[in-house]
């Protein structure tokens, strides 16, 4: 707790707000697709979901650029206010006295656009204020907060959404607007764009992102991250299909059975519980290890674990593998975020983070492609492919670390 008390007040406020808003949002978001499929059918729902995702991508790109041009606070306040107001409107479009799924769809487009703006701006604000020695602690705390809020929010929504979605929409709206108000009242601006007379400086959104895309080290980092992070997406796609086909149903206490699809849920729950309850122990266990060791060792366990997870169908082996995957995840994620903070040029930080957030959409594409490819080639080759591509991602991270170390040594010599 002493480390937490020493943090900048704005960071502490943002961490509290992140927990509250994530928890509230997760009471509804996992159940939206199911809800709309009952109202308008699966085909139309699929089109709507894709459209909403695209809206979020556009919002993220706009938010990253606007934040680097005009500062963080105003965008953060307005985007959270937009999220809150859109959820308020969604509540009334799905109320006991009025129901309009297509109006709800339009409102969700607005909502996801605002959410897309919010992510890179919120993260950039924390990065602006962080001292280098605080990064591992704060990124570990953020990761823990996300997992805890997802677990609590999802469980709450699972029991309440079907009967009380109107009230949950109102709840999320209230939390979002309260967060916007607290940010407006208690958090100051963390970034002011430096004036430059350099004619080569980016002057438009396109040139701004072109500047980021030309950063070769960052692009290697981004691709490497995508190759490693995409493995998690296979759990609910290719691996789920693999387990559904190959795992023999087991019976516990005669009346309780577990099949392949049940096992996917168990593995997800195990991962969340391990992250929430072992983070302190794992952090203590590796406190004397270097960041390079943490990143490469943690990623290697993570990659190897998922490759084996896609190959075996033994329930106890699956549970053991998820244990190692979760520990590897806890080891490398905070260091990975710290490396991202190093790479994100202060003048274009939100733009870097906006592109980083697109990696999540890339993971979904890779996961979908793996399902298609898995229907053609043998399972052994799929598992081998996951291992090879994951390890390529690890080696790309090693390359980025070496470049960063060379830059740091050059800076020391220059001084």
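The backbone N, Cα and C atoms fix where each Cβ goes, and this holds for glycine too.
Here the structure is a predicted model, which means the values were calculated and not measured.
What TrEMBL annotates here:
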- 1-408: domain 'Major facilitator superfamily (MFS) profile' (DOMAIN)
- 15-37: transmembrane segment (TRANSMEM)
- 43-63: transmembrane segment (TRANSMEM)
- 75-93: transmembrane segment (TRANSMEM)
- 105-130: transmembrane segment (TRANSMEM)
- 137-160: transmembrane segment (TRANSMEM)
- 166-187: transmembrane segment (TRANSMEM)
- 218-241: transmembrane segment (TRANSMEM)
- 261-286: transmembrane segment (TRANSMEM)
- 315-333: transmembrane segment (TRANSMEM)
- 383-401: transmembrane segment (TRANSMEM)
Under a Cβ pair cut-off of under 8 Å, which of the recorded stretches 75-93, 315-333, 383-401 contacts the transmembrane segment (137-160) most often?
315-333
Ranking 15-37, 105-130, 166-187, 218-241, 261-286 by the number of C-beta pairs under 8 Å to the transmembrane segment (75-93), which range is first?
166-187
Cβ pairs under 8 Å between the transmembrane segment (383-401) and the transmembrane segment (218-241), at least three:
yes
State the non-local partners of the transmembrane segment (315-333) in its own chain: residues 6+ outside its ends, Cβ under 8 Å from one of its Cβ atoms.
139-140, 143, 243, 247, 250, 258, 263, 266-267, 270-271, 274-275, 278-279, 282-283, 286, 294-302, 304-306, 308-309
What residues in the same chain, six or more past the boundaries of the transmembrane segment (166-187), come closer than 8 Å to it by Cβ-Cβ distance?
9-10, 13-14, 17, 20-21, 24-25, 27-28, 73, 76-78, 80-81, 83-85, 87-88, 90-91, 94-96, 125, 157, 160
